[in-house]
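In TrEMBL this protein carries:
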- 6-21: transmembrane segment (TRANSMEM)
- 33-52: transmembrane segment (TRANSMEM)
- 109-132: transmembrane segment (TRANSMEM)
- 152-171: transmembrane segment (TRANSMEM)
- 183-207: transmembrane segment (TRANSMEM)
- 230-257: coiled coil (COILED)
- 384-401: transmembrane segment (TRANSMEM)
- 431-452: transmembrane segment (TRANSMEM)
- 472-493: transmembrane segment (TRANSMEM)
- 529-548: transmembrane segment (TRANSMEM)
- 582-644: region 'Disordered' (REGION)
- 588-624: compositional bias 'Basic and acidic residues' (COMPBIAS)
- 625-640: compositional bias 'Polar residues' (COMPBIAS)
- 660-680: region 'Disordered' (REGION)
């Protein structure tokens, strides 16, 4: 049974990591090595979180077994021995094996493999793959060279930090350098960096997650925030289109200057394959392959400039595609929230959608989640459920903050996590121990990992759902997870007093703590930084509660959603008008499709019959008419064919016109913001004229 529990968790965590990666990554377009590296990093980090409660229950059983072996009936009043200082008086409960017991020798090997693999990924492999994926080289050798150059400073910084710890140990006369101590120094350096970032992310997540669910119960709040996002996303979308047009203009110039027999033509073809299809077709039509590159004395771009251009093309195309998809998703979200606001006052208790979902729903979902059930859930139950969940999460956050500030106190025990685990340890209730440990570390992981998924570093790091995350951001998230998970687990073991360096008790450590080594080699870290730095989470929680970071970003020019700000109100109004405009456009499209469908059903068969009869009754001898008879016949038949011609025009698949636009064109490619003119120029959209038609 013990091996089955470990195997089930290993399989479950793998599919969980695969599901999340499928949501954010794109298995079809992204490189396989990027997918494998990110999946392995996410999988190892999630595995540590899920397996650690089993390690805790196994360690408690081993302590009980060791105490029973060292105790005798005559020594029950005065227990002595190696673990007597922290072993409680034997209780009448027997030391039975937990259902998830893992035999001795398995967990240390398992943790050693998982930990060092994750460290190899985060410090060596993933940074190299990150530079390799973002490189614009045209060959594997060129990409590897670029990645090595970019990571030279990166690796040098970490070697400098490790060297500082190494010098400290070498200068200290009470310490002697050994391999285990060098290993401990490396682990301490990595955990120190991870703990520094962990507290920052944890302080934000402890407040923001409960507050997000509390605000989720406010319909007006979510709708206003969606309008705000729409205004910002439209600006970003226009900027992405303008950037793509500028890059495509550079590609067009390079494509016209470098002909088919130029040595760098293969590089240009590689760049063209990364461009959108409509730009590829335009550039293909304008090529003059009969001209040789040496017939004109022109200045040709170098291979280095083509590498830079290739990198710009990859970035601009990915950003343009991401903003387009995000805009459609945001529109669906805004339309749905507006439908919820309208249906709240419905007397029929039936949820009515303004637009039908483009994807067909499952029959099973349609049967159980019918319009009545949807109305009760969205309009009545969901707000109250979110409020209750926000209160529960707030209680968990308070417990975490209190325990972070008091976990160093062992007499008396003030950490609530340690109190719960010790109460369960006295009765050897392993089910309760594993559930309490899992809920505790799962909540800490959600607070940290959700912040990693939410944060955005300009346009360099951004995890976008619906398969819109680029390779650089996926690899960067894997690096963050591998660096944050080990200090997160050590912090959890310290909160529960399962770490002997925190509890200062001579007890049997967990298998996870044993591979970390003794932190006594670096006492100023074990007794100082690891204990007092987590108290900073209180200040970070207060700053997050009062939105100090949001206000600072707003002052610096980065517009953030704030209810008491004039700029926020202007952006909300702007986004509301944009959503209203898109709704009118979609309604006109649906009305046009309905009219075309009705005309086809009404006149489609009669048109086919009339065409068939006209083809049957044509006489070959009547084809040789004079010009006068032809003009006379066309004169009298023009009026009769007008109705038929009107029917044909109505049956044409033409998109409805947007009468708010300034110009009209028949070419759908020229109707976009970036129009390609015969002269070879792209018309860029000016930022000051983005919302002139609103």
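Counting starts with 1 at the first residue shown.
Quick reminder: no glycine exception, Cβ is built from N, Cα and C everywhere.
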### Task
Compute the average pLDDT of the predicted model within the coiled coil (230-257).
92
### Message
Check for me, if you would, whether the transmembrane segment (472-493) reaches the transmembrane segment (183-207) - at least 3 Cβ pairs under 8 Å, residues 6 or more apart in sequence.
### Response
yes
## Note on the structure
Given the transmembrane segment (6-21), its same-chain partners at Cβ distance under 8 Å and 6+ residues beyond its ends are 35, 38-39, 42-43, 46-47, 50-51, 54, 100, 102, 106, 474
### Task
Could you name the stretch, out of 33-52, 431-452, 529-548, with the greatest number of CB pairs under 8 A to the transmembrane segment (183-207)?
529-548
#### Entry: Spatial neighbours of the transmembrane segment (529-548) far in sequence, C-beta under 8 Å, 6+ residues away
192, 195-196, 199-200, 202-204, 206-208, 211, 397, 400-401, 404-405, 407-408, 490-491, 494, 501-502, 519, 562
